[in-house]
Amino acid sequence: MPPLLSGQGECVINASSSPPAVELHGITKRFPGVVANHDIGITVRKGTVHALVGENGAGKSTLMKILYGMQKPDEGTIAVDGEQVSFNNPGDAIARGIGMVHQHFMLADNFTVLENVVLGGEKLHGIGGAARRKIKEISDAYGLGVRPDALVEDLGVADRQRVEILKVLYRGARILILDEPTAVLVPQEVDALFANLRELKAEGLTVIFISHKLGEVLSVADEITVIRRGTTVGTADPANTTTKQLAELMVGSELPSPETRESTVTDVPMLRVQGLSLGATDPDGVVRDVLADVGFTIHKGEVLGIAGVEGNGQTELIEALVGMRTPDAGVLTLDGADISHAPTRKRREDGIGYIPEDRHRHGVLLEAPLWENRILGHVTEKPNSRGFLLDPKAARADTERIVREYDVRTPGIEVTAASLSGGNQQKLIVGREMSHHPKLLIAAHPTRGVDVGAQAQIWDQIRDARREGLAVLLISADLDELIGLSDTLRVMYRGKLVADADPATITPEELGSAMTGAAAGHLEAAPEDEAR
Amino acid sequence: MKKFDKDRMILGFAGPVLALVVAFALTTLVLLASGRNPFEPYRLMFEQASYADIQVLIINQAGTYYLAALAVAIGFRMNLFNIGVDGQYRLAAMMAALVGASVDLPGPLHILLIVIVAMLVGAFWAGIAGFLKTTRGVSEVVATIMLNSIATSLIAWLILPKNFGDQAAGSNNLTTGDIPESGWFPGVSLSAEAGEIYGFTFVAAGCGLVYWFVLNRTRFGFDLRATGASESAAQASGVDAKKMVLTSMLISGAVAGLAGMPTLLGDTHTYSLDFPTGIGFTGITIALLGRNNPLGIALSALLIAFLDKASSSLDQFGYEKEIATIMQGLIVISVVVSYELVRRYGTRRQQQKVGEELAAGHALTTEKEAAL
């Protein structure tokens, strides 16, 4: 273990004499059969941004629920501002000045910002002029730039998040818990959020920041606590820690290096898309282009990444390629054969592998056992069937192989898909698709909701298959993943491919500005002197 | 792994058992509330069921119910609510009776013709609802309910003496004419007083086997089940959802067409105004109670047939035979509630057990570990 990481239980030396904002000691929480948290100890100093990092399922959320009074710990103590407390519900936590901003916003769309903020807190400053003044005051103090009379449905994601933060501050919170706040933001918005967090910190507030995006954690946090398998495994000082060290601490082993940039791109086209167009009528009766004259070619051994803020036509593009949606116009050629009018099953038999963006809707049958899920999508292919009959024996055997080779964590193949964690469901899907040696893999957010270890593994599998001539269409909200994995990058904005970029030179920030429509054409890396 | 199978078996039984216990308890309450002896009717019903002739009646009735319930179950597996089984089997039975009475063929062929006509008519009538759903998005629930009442009117009109019906002298009953003896399906006689078990009852049992095999062992069955479990996932997997809706409606209708056959081929040999009605609706109850499982449906069909036939004599002892009807209704309600409860409990329990197993390190060995 690198020396800069102090081990668990070691005392954090406190510069100021005031007690820490939050001190958790020996927290243990058991659910029937599972220990979610085990002997967790965290000290959060006042006026700092303290990051809590860990893989999905490491126990971060349970811990925060305990701190916010949503669950009671079985063992251990919580001290706020040096005083022992015991929370029975979030109300107790709020009264103690703890506020939580959830990952999924809890705002009423058809209410104004003012109405949303006072909702449930009417007793604090009324619902009229006093409340508006208070909101302005908070907004100005922390540079949140919130307009009290705007309708929430008109606000973008970043603005909504600021409303959520304001809501918590309005209730007098001095300690803010932010659960994965950057998951929904583009890089520019993340920067703005971090600027807000620094303001909060400067005013003496304390922020607990939960994340698994390590780069962001390092840039904003004053202190980092790493959680692995339900327990704190160490703290780190962001000033002299690298993302790699942090990731290794998180996973508990050395990570394979993600950078193996040897090109495997050939000049044999695998998928050619020409003039793909799709119109849709929105509720107001206006016809708008969801896909407008989209065209690209993916060669054998090439990963084509498509960047874009969600809802700019990526979903429709994928569905048109898989054959779940009929485009108005366009020609699709797979490996030299015209598949524009082929049904989904034919396309999949012909070698399109599909890792869907919403795995519960499109990737698995939640209530069916794993081996039946292994058949899904490939029912006409070996080993799942012989002729018109299923071959459950062979399918079961092959499912066991997938579980083994793709490290799906399960006690067996008869359990339902619903009983596996999201990451393990994803590994099963990836394993299933790869088992049929696709010519083209359509991978939508292949590592969404997947922990770091599994993420690296999925990337490796995509890379390995690419080396053997697989063509990949990659769509992801994770810009690091897009840049790291793609050979070619395109940016999609309002149904059009508006820009292209070379992943070897582009930065997430530049990609981000093209995603919001601010840049188009070929994105050149900014000249050295300007960038640094 | 056996452990999870056993769990699933136990949970599979827990649903119906819970439902039946609740339904019996509620019926007892109803009896108590009406000031009756709450246990005597059950005793009387069991006593009835001990007579051989009642047993034959129960089995014959169960065969009919079984076919109707299979038809409903095919829809259920697809998430389609075919409420129209009732109209489908009546129209099918009538058309088949008409055709059967108007031709004269050697035995097996004659029966085969009648059966095929019945299946085609049933499929056609259900197919209308399927067609409306796939082309116009009409809910199959609404369409099949309406088709039921259209079928009733259509039958009433077709069976008029001026159209295709016969009216025997001195009778108010209208029939479609008698099917010649070559079109009768031979039954199995147990003893003179017990009566005959319809031969078609065995065909019904065979249909159950085919149902199981097609659903669980064929590609088509997998696609059908996948569509029922998640239409979006099935579509992504390459199932043409519209085609699947139409196909399963046609199959469901064809099986529904068979539901009238035990009675027509084994007993009445003609379609008349007093041909049994409402079997399609009972089929819904039975399919629900049997969890769309061929064996479960068979047991439920026997249970409901028992309630029907054993309750008919309650009147003689001063109890209303509608007690059985109340019980059937209560079974439906408790089935729906208890299955959902058991399903949720099962999912939670399995998630928990999987968590436990993994925490205890009982995962299947992975490549990495095997390498160590």
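Every residue, even glycine, has its Cβ placed from backbone N, Cα and C.
Note that the structure is predicted; figures quoted are calculated from it, not measured.
Here TrEMBL flags B:12-34, B:54-76, B:88-105, B:111-132, B:141-160, B:197-215, B:245-265, B:323-342 as transmembrane segment.
For the transmembrane segment (B:197-215), the list of distant contacts is 56, 59-60, 62-64, 66-67, 70, 73-74, 77, 185-190, 221, 224-225, 255, 258, 261-263, 265-267, 294-295, 297-298: same-chain residues at least six beyond its ends, Cβ to Cβ under 8 Å. The list of residues near the transmembrane segment (B:12-34) in space but at least 6 beyond its ends in sequence, with Cβ under 8 angstroms from a Cβ of it, reads 41, 289-291, 293, 296, 300, 303, 323, 326-327, 330-331, 333-335, 337-339, 341-343.
Packing against the transmembrane segment (B:323-342) from elsewhere in the chain are residues 11, 14-16, 18-20, 22-24, 26-27, 30-31, 41, 45, 282, 285, 288-289, 291, 304, 307-308, 310-311, 314: each is 6 or more residues past its ends and has a CB under 8 Å from a CB in it. Remote same-chain residues near the transmembrane segment (B:245-265) are listed as 60, 63-64, 67-68, 70-72, 74-75, 77-78, 80, 82, 84-85, 88-90, 92-93, 96-97, 100, 111, 114-115, 118-127, 129-131, 133-134, 140, 179, 183-185, 198-201, 203-204, 207, 224, 271, 275-276, 279-280, 283 (criterion: CB distance under 8 Å, separation of at least six residues from the stretch ends). Distant neighbours of the transmembrane segment (B:54-76): 48, 82, 85, 88-89, 122, 140, 190, 194-198, 200-201, 204-205, 207-208, 211, 228, 248-249, 251-253, 255-256, 258-263, 266-267, 276, 279-280, 282-284, 286-288, 290, 292, 294, 297-298, 300-302, 304-306, 308-310; these residues of the same chain sit at least 6 beyond its ends, with a Cβ under 8 Å from one of its Cβ atoms.
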